[in-house]
Amino acid sequence: MHAEFRTDRGRIRHHNEDNGGVFENKDKQPIVIVADGMGGHRAGDVASEMAVRLLSDAWKETTALLTAEEIETWLQKTIQEVNKEIVLYAESEMDLNGMGTTLVAAIMAQSQVVIANVGDSRGYLLQNDVMRQLTEDHSLVHELLRTGEISKEDAMNHPRKNILLRALGVEGKVEVDTFVVPFQTSDTLLLCSDGLTNMVPEAEMEEILKSKRTLSEKADVFITKANSYGGEDNITVLLVERNLMQKGRDAS
């Protein structure tokens with residue numbers, strides 16, 4: 001597997017509340033994670049850092065999970081535990097009250113990838129030169145869009161587009177979505193925070209993914225493009241390709 005991770009403060013924010021990275025378990029099986037924190041007085045930094053650290057630390061203690069079912073079970077269970085830890089920590093620290101974070105994570109399983117998400121950080125897959133969104137935003141605006149109360153154009157500039165219906169660290173239990181999709185050697189997986197998707201039109205995102213650039217160059221272009229559109233939020237991008245020689249390996 002080849003992965004490229006980038007995070008950038010953007011052009012407006014004074015600090016970066018996004019977090020993420022690539023982490024391996026005892027059998028070198030990778031997990032990729034992106035989290036976007038929220039809350040005043042840098043509480044968002046704490047929430048996203050905790051989510052990534054706790055989930056990756058738990059992953060580092062596992063051995064290879066070979067089936068999608070095993071991975072889904074592990075993600076559901078572990079993300080619940082991470083959520084409880086964040087809630088308890090926020091309750092113990094007065095200035096962290098109200099903090100929370102989104103989370104999107106992915107683990108490879110044979111010729112598939114398992115995605116888990118909470119909030120509005122997204123997962124996309126480029127397959128056969130077509131990009132599609134795998135995750136569903138857990139946000140007020142997405143719910144209004146889903147029920148037909150607003151148009152896609154309205155959603156882009158909606159004044160309440162930052163209101164989440166689900167996040168880690170808010171309540172004692174959180175609903176986690178998981179998806180299992182085919183992931184072949186010619187495919188590219190993109191995990192990102194809304195600092196990318198709120199700035200860069202999806203048609204341009206698809207063109208970047210389809211381009212002949214290297215994976216590293218694509219990651220850089222995503223950050224540059226989001227900043228060129230205004231960089232109004234922190235921007236985090238994680239790109240994943242499966243290496244050709246790893247196609248038949250369980251932990252590739």
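Each Cβ is built from the backbone N, Cα and C atoms, and glycine gets one as well.
Under the heading Mn(2+) 2 binding site, Swiss-Prot lists Asp36, Asp194, Asp233. The Mn(2+) 1 binding site annotation in Swiss-Prot covers Asp36, Gly37. What Swiss-Prot records for 2-242 is domain 'PPM-type phosphatase', and it gives sequence analysis as the kind of evidence. Per Swiss-Prot, the feature region 'Disordered' maps to 1-22.
Counting only residues at least six positions away in the same chain, the Cβ atoms of Gly10, Ile12, Arg13, Ser193, Asp194, Gly195, Asn198, Met199 sit under 8 Å from the Cβ of Asp233 (Mn(2+) 2 binding site). Annotation for Gly37 (Mn(2+) 1 binding site): same-chain Cβ neighbours under 8 Å, separated by at least 6 residues, are Glu17, Asp18, Asn19, Ala43, Gly44, Asp45, Val46, Ala47, Ser48, Glu49, Ala51, Met99, Gly100, Thr101, Thr102. Across the region 'Disordered' (1-22), DSSP classifies residues as 0 helix, 12 strand, 10 coil. Sequence-distant neighbours of Asp36 (Mn(2+) 2 binding site) (same chain, six or more apart, CB under 8 Å from its CB) are Glu17, Asp18, Gly44, Ser48, Thr101, Thr102, Gly119, Asp120, Ser121, Ser193, Asp194, Gly195, Asn234, Thr236, listed in sequence order.
Other than Asp36, Asp194, Asp233, the residues of this chain whose Cβ falls within 8 Å of the Cβ centroid of the Mn(2+) 2 site are, in sequence order, Asp18, Thr102, Asp120, Ser121, Ser193, Gly195, Leu196, Thr197, Asn198, Asn234, Ile235, Thr236. Mapped onto three states, the DSSP output places Gly37 (Mn(2+) 1 binding site) in strand. Within the model, the domain 'PPM-type phosphatase' (2-242) shows a mean pLDDT value of 94, rounded to a whole number.
In this view, Asp194 (Mn(2+) 2 binding site) is surrounded by 24 other Cβ atoms within 10 Å of its Cβ, with every protein chain counted. In three-state terms derived from DSSP, Asp194 (Mn(2+) 2 binding site) belongs to a helical segment.
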